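Summarising the annotation, Swiss-Prot assigns compositional bias 'Basic and acidic residues' to 200-209, 235-255, 277-289. Marked as compositional bias 'Low complexity' by Swiss-Prot: 294-306. Swiss-Prot lists 324-346 with the feature compositional bias 'Polar residues'. The annotation region 'Disordered' is assigned in Swiss-Prot to 1-26, 200-346. Taken from Swiss-Prot, the feature region 'CCN domain' covers 212-274. Under the heading repeat 'WD 2', Swiss-Prot lists 525-555. Per Swiss-Prot, repeat 'WD 3' is recorded for 569-599. The repeat 'WD 4' annotation in Swiss-Prot covers 611-641. Feature annotation from Swiss-Prot assigns repeat 'WD 5' to 693-723. For 734-764, the entry in Swiss-Prot reads repeat 'WD 6'.
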């Protein structure tokens with residue numbers, strides 16, 4: 001345990017004496033001395049750590065203060081920018097008015113007025129400086145006086161509004177501009193003082209490093225954190241206060257398809273009495289409209305293809321043909337809320353998002369959501385929805401699953417408008433006039449040409465008669481495994497096709513029992529969502545489109561389904577497809593707003609309809625194949641003449657269009673919107689109906705072949721069946737997540753839906 005050559009005890013003293021008297025030797029530290037030295041160094045490091053911590057806290061406080069001033073300045077800058085554009089627009093309009101009035105003056109006065117107008121336009125810098133000096137910057141004011149004035153001008157602070165329409169009264173604009181400039185001066189003064197203080201601190205540290213500076217053995221000084229921050233003038237901003245962090249696939253989406261998952265919600269189907277459209281409450285009480293998404297903003301997000309990789313929308317000149325503008329209110333919010341709503345994404349096209357998005361906002365824009373659903377459901381902002389979890393169309397501001405589904409588009413919730421009596425035995429009872437005795441608010445309104453809204457008195461046969469369903473029964477649940485953004489059912493009603501992420505699965509629903517896919521058609525990229533799939537009438541070919549520039553045509557007649565052709569366009573995504581009645585032509589709605597016409601026999605691009613200024617989200621074709629109806633994230637529905645290749649009509653709305661359907665018997669067009677409303681328009685008259693049962697974006701819509709009823713689905717997890725055209729509610733089904741897509745069989749016997757909880761549901765329609 002001890003060295004064997006240690007000298008005997010009686011010799012140690014003499015050895016020590018000899019050592020003391022001998023030549024000096026190197027200092028040898030004992031263990032206690034070493035421990036004391038380590039303790040001192042530890043205490044020094046601890047002190048250094050403490051000083052660095054205090055400095056870090058100080059810097060954090062300064063950062064918070066600077067950010068607060070930055071936000072304040074941003075609000076002021078935004079207000080000034082809006083005011084500048086507003087005044088510019090006013091000047092343009094006044095100039096036009098002057099130009100129109102001059103010809104009415106006498107010849108001698110015309111020249112004088114023209115010269116006076118020209119003189120008024122010649123504003124010199126001296127005049128500008130004089131005006132600014134008088135109105136905004138009294139030279140004698142000190143910084144403290146400016147601060148006091150700034151505080152008085154900004155109590156409360158300027159609201160950062162999403163739309164110019166919500167600015168203050170013009171009379172307040174000047175005060176707002178003046179106070180904004182004063183606030184900016186205060187910000188500059190504060191920044192100058194702060195920089196001076198930091199420079200002084202840095203100089204002091206250079207002279208006396210003190211305990212907050214580490215010194216290396218070679219005499220070099222280790223820079224402190226504040227030294228680094230002061231010298232690194234090009235550092236990136238650490239945080240973006242208004243940005244959205246899409247940290248996972250489940251939260252991300254191009255256009256923010258927005259999907260709400262609530263597995264606890266049971267499936268339920270309710271039938272309602274036709275007499276439940278009360279007339280005692282003609283105006284609906286709704287929650288405040290959702291905040292504008294960057295798209296509408298886009299969902300937009302985000303089923304707005306919400307909201308969030310935003311694909312810059314291709315700004316195309318609107319078709320030159322005169323459009324039929326809808327002059328009647330488009331929604332209840334038109335009557336009660338000022339200005340357009342905004343996605344996301346785009347809503348944050350979002351988004352503030354993407355919109356978000358979308359929101360597929362959508363989120364088509366929002367986002368393929370919301371903020372958003374489709375990509376960003378339709379806010380589509382754009383071609384790929386990456387969420388592993390539930391997303392849904394609101395990225396139109398479909399919100400794709402990453403859509404925020406949206407942002408997109410975000411959630412556009414509103415309070416329930418109607419409470420239904422589920423007893424079907426009430427169907428045959430009741431007069432044609434909805435009785436106010438029920439005390440239930442109306443959900444269906446007729447809008448006349450002059451914009452007057454009145455609750456619809458349903459006829460006695462609204463829910464009875466040939467071809468009108470009584471309810472629907474859930475028949476099969478098809479566990480696809482990914483968010484189901486597209487569904488279709490074959491004419492034979494034996495096979496159902498469900499489109500999810502990167503593939504279409506084929507299901508045989510002709511037999512009872514647990515269902516497994518009989519085939520899987522891999523198309524697009526593995527991480528891109530299928531947005532639409534359409535069967536040709538003969539059932540031998542399937543066309544698939546989605547978050548890619550290529551459409552795939554599958555040969556289903558071969559022993560093993562295979563791709564027999566691919567159609568490639570310049571747009572990064574396809575949101576919807578339609579097939580002509582003769583199956584010779586395919587129409588695809590693109591994320592750049594164009595409608596591409598494909599010759600299926602020669603597999604070539606025939607023409608493009610240009611008019612939508614944002615993604616085209618939905619499409620339907622008339623029964624005779626002569627007219628095409630399209631809806632877009634630019635808040636318009638357009639009708640195209642397929643024989644002449646031109647636009648016939650245009651209807652403008654205050655909300656992004658996520659879905660539409662044209663009645664097979666003609667005359668009526670149903671439009672589902674991000675605002676949660678459905679509008680049923682007469683194609684040749686100004687009359688229309690507004691339906692208010694959905695509580696969030698209407699993501700899909702499909703007419704029955706008989707034309708007497710149609711179904712709609714939404715982000716509120718609902719499947720609603722409606723009577724054409726006045727919208728009496730036939731039945732309603734509640735699913736466990738956002739219902740992104742639907743289809744009705746050609747014999748009107750089955751309904752298929754695709755939802756955000758990664759499954760499709762087959763319903764049997766009971767008559």
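Glycine residues also receive a Cβ, built from the backbone N, Cα and C atoms like all the rest.
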*Do you know the mean pLDDT across the repeat 'WD 4' (611-641)?*
94
*Report the DSSP secondary-structure composition of the repeat 'WD 4' (611-641) as helix, strand and coil residue counts.*
0 helix, 18 strand, 13 coil
*Reported in the order helix, strand, coil, what are the DSSP residue counts of the repeat 'WD 5' (693-723)?*
0 helix, 18 strand, 13 coil
*What does DSSP give as the helix, strand and coil breakdown of the repeat 'WD 6' (734-764)?*
0 helix, 20 strand, 11 coil
